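One structure below.
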Amino acid sequence: MSGFYHKHFLKLLDFTPAELNSLLQLAAKLKADKKSGKEEARLTGKNIALIFEKDSTRTRCSFEVAAYDQGARVTYLGPSGSQIGHKESIKDTARVLGRMYDGIQYRGYGQEIVETLAEYAGVPVWNGLTNEFHPTQLLADLLTMQEHLPGKAFNEMTLVYAGDARNNMGNSMLEAAALTGLDLRLVAPQACWPEAALVAECSALAQKHGGKITLTEDIASGVKGADFIYTDVWVSMGEPKEKWAERIALLRDYQVNSKMMALTGNSQVKFLHCLPAFHDEQTTLGKKMAAEFGLYGGMEVTDEVFESPASIVFDQAENRMHTIKAVMVATLAK
């Protein structure tokens, strides 16, 4: 993986299809090695900074466990644990941390922040999530899809994303489709479509690789023949309450439920979600949604689908760690 050494991992379109495939192959090997007890530590002596301006469960745990497995040490800098952007500029933070650490992960707000870190740190910088892109999640998704459709190329798979596609997940899915040739369908209200410029760029690239990108409001035609149906949360605790009603009214028809799964016509269709999911009333927000909007038994996905054999969301969650490990090994190990 010498071609990746000291490279950044900021968004998928920074890579070629061959490079993306190499990362997925490395992730699969690292996963197999860990499960067989044959994993070789290739990051011994490395120090990694984890900057989290937004809290996280899966991303933090994935980076920490992956680093420990490979012999590296980590420092967690949480939302209140650093001066980045407050008392110290991003540029200066990058230059300080780059003198102390071998790699830096950033999870937070604007893409320009992680890009600035990468420009000035002098060490590999990895995007754990920004407002615009979530590339590590898509690596995990692609590995999970390969595992559940073995022997099929990506340009033989159909992935549907239902719900709000104007976010970092929608953007990174477009980039993934551009590189892999997936048949990607964003099934969403038009108000929730990604920016037209990114759609056009990714559509042109997808066609070159044997795939296509479709944006539609029509659920029946959009999900027909799908191999995978994917969704994400509609609201978050950080948003004002008045936004909740507006968002739910807009997206309610796009809930992933047994009817939508059946409309695919594929008895083997699988369900994907980047988590956390509001599929029941066992969370603070889930309880509020149920009480205020009558969303009992799930918001963006029903509990029935989430807990069904079609759901592979915990395979996805596990694969966050294996794919993140691949990114760190590829960029830090000689």
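Heads up, the Cβ atoms here are built off N, Cα and C, so glycines get one too.
Features reported for this protein in Swiss-Prot:
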- S56, T57, R58, T59, Q83, R107, H134, P135, T136, Q137, C274, L275, R320: carbamoyl phosphate binding site (BINDING)
- N168, D232, S236, M237: L-ornithine binding site (BINDING)
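Overlay of Swiss-Prot annotations on the structure.
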{"residue": "S56", "record": "carbamoyl phosphate binding site", "Cβ within 10 Å": "15"}
{"residue": "R58", "record": "carbamoyl phosphate binding site", "Cβ within 10 Å": "21"}
{"residue": "H134", "record": "carbamoyl phosphate binding site", "Cβ within 10 Å": "27"}
{"residue": "T136", "record": "carbamoyl phosphate binding site", "Cβ within 10 Å": "26"}
{"residue": "N168", "record": "L-ornithine binding site", "Cβ within 10 Å": "22"}
{"residue": "D232", "record": "L-ornithine binding site", "Cβ within 10 Å": "23"}
{"residue": "S236", "record": "L-ornithine binding site", "Cβ within 10 Å": "12"}
{"residue": "C274", "record": "carbamoyl phosphate binding site", "Cβ within 10 Å": "23"}
{"residue": "R320", "record": "carbamoyl phosphate binding site", "Cβ within 10 Å": "26"}
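Ranking the binding-site residues S56, R58, H134, T136, R320 by Cα distance from S236 (L-ornithine binding site) puts S56 first.
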